[in-house]
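Take a look at the structure set out below.
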Amino acid sequence: MFRLSAQSTRKAVQRVAVQARYQSTSTAAASSMTAKNVTLAAAGVATVGALAYASMESVDANMAADGLHAPVYPWDHKKNLATFDHAAIRRGYQVYKEVCAACHSLDRIAWRNLIGVSHTEAEVKAMAEEHEYTDGPNDVGDMFERPGKPSDYMPRPYANEEQARAGNMGAFPPDLSLMIKARHGGADYVFSLLTGYQDPPAGVEIREGLNFNPYFPGGAIGMARVLYDGLLEYDDGTPATTSQMAKDVTIFLSWAAEPEMDERKKMGMKALTMLAVLTGLSVYLKRHKWAGIKTRKILYNPPAPKKH
């Protein structure tokens with residue numbers, strides 16, 4: 001009797017233990033599922049919030065605010081295997097000298113940078129000597145004027161910013177050395193700006209002293225149109241149309257912003273050629289060294305059992 005009572009008690013205890021273990025497992029699984037659901041919900045809320053923030057970013061549909069986007073032109077010097085058109089650089093310098101240099105500086109370009117690019121050494125020396133540079137002090141401590149040398153940088157049209165603004169109705173003509181890199185669109189923007197002058201459309205008023213150009217941010221630019229057909233005569237006889245002069249001076253400014261581009265492309269071609277040769281040599285040596293190892297067949301011959 002007592003034996004049956006003990007057995008029933010032991011079975012009841014085991015039954016309670018199994019129920020407790022099942023309950024704890026179910027609770028842990030439920031808590032794990034709850035944590036996973038909370039994590040997924042938080043990730044979903046974060047994603048929705050990010051998308052909502054991105055959609056709330058202000059978008060200005062008025063093209064006059066940032067200027068009309070310049071079209072993309074097929075510039076030859078942007079191709080991987082092409083260099084600058086050096087004849088165009090020479091013509092572009094002529095446009096800069098006779099038109100742009102009256103207001104805009106080119107501080108980062110020295111006369112010697114033109115040697116072998118657009119002009120000969122004798123031509124550069126003659127052009128530099130046309131300008132006077134302040135140098136010194138001399139033996140008695142005085143500054144003096146001397147003719148320019150190829151090592152001198154191109155002179156500025158104005159001595160300082162105040163003088164430049166006074167001569168341009170308050171507008172400050174920027175330096176053109178890095179203009180191609182400084183403006184969104186680069187060469188496309190400069191060419192479009194130079195050829196994009198037009199009368200303002202109906203309903204658009206331009207303040208006196210400004211000019212309408214849809215490619216300029218705001219549409220009103222202080223610089224007037226400066227390029228007209230036949231404005232100058234090229235030394236090589238190329239017709240000096242507005243688009244031709246704009247193209248040439250844009251290529252010249254592209255070179256001024258990256259005068260090392262041709263050399264960089266040549267160095268890149270040399271590097272790619274060397275890498276191709278070394279890659280082929282490496283593949284050949286690797287196959288030569290590893291062919292015997294990778295095709296080797298290894299067999300295991302266990303020793304014969306000894307006879308007793």
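Just so it is clear, glycine is given a Cβ too, placed from its N, Cα and C backbone atoms.
What TrEMBL lists as heme c binding site is C100, C103, H104, M223. Positions annotated as domain 'Cytochrome c' by TrEMBL: 87-257.
The heme c site, placed at the center of the C-beta atoms of C100, C103, H104, M223, has further neighbours from the same chain whose C-beta lies within 8 angstroms: V99, A101, A102, P173, L176, V226. Neighbours of H104 (heme c binding site), defined as other CB atoms within 10 A of its CB across all chains, total 20. C100 (heme c binding site) is surrounded by 23 other CB atoms, counting those within 10 A of its CB over all protein chains shown. Residue density at C103 (heme c binding site): 18 other Cβ atoms are found within 10 A of its Cβ, drawing on all protein chains shown. The Cβ of M223 (heme c binding site) lies under 8 Å from the Cβ of C103, A171, P173, N211, each of which sits 6+ residues away along the same chain. Per-residue pLDDT, averaged over the domain 'Cytochrome c' (87-257), rounds to 94.
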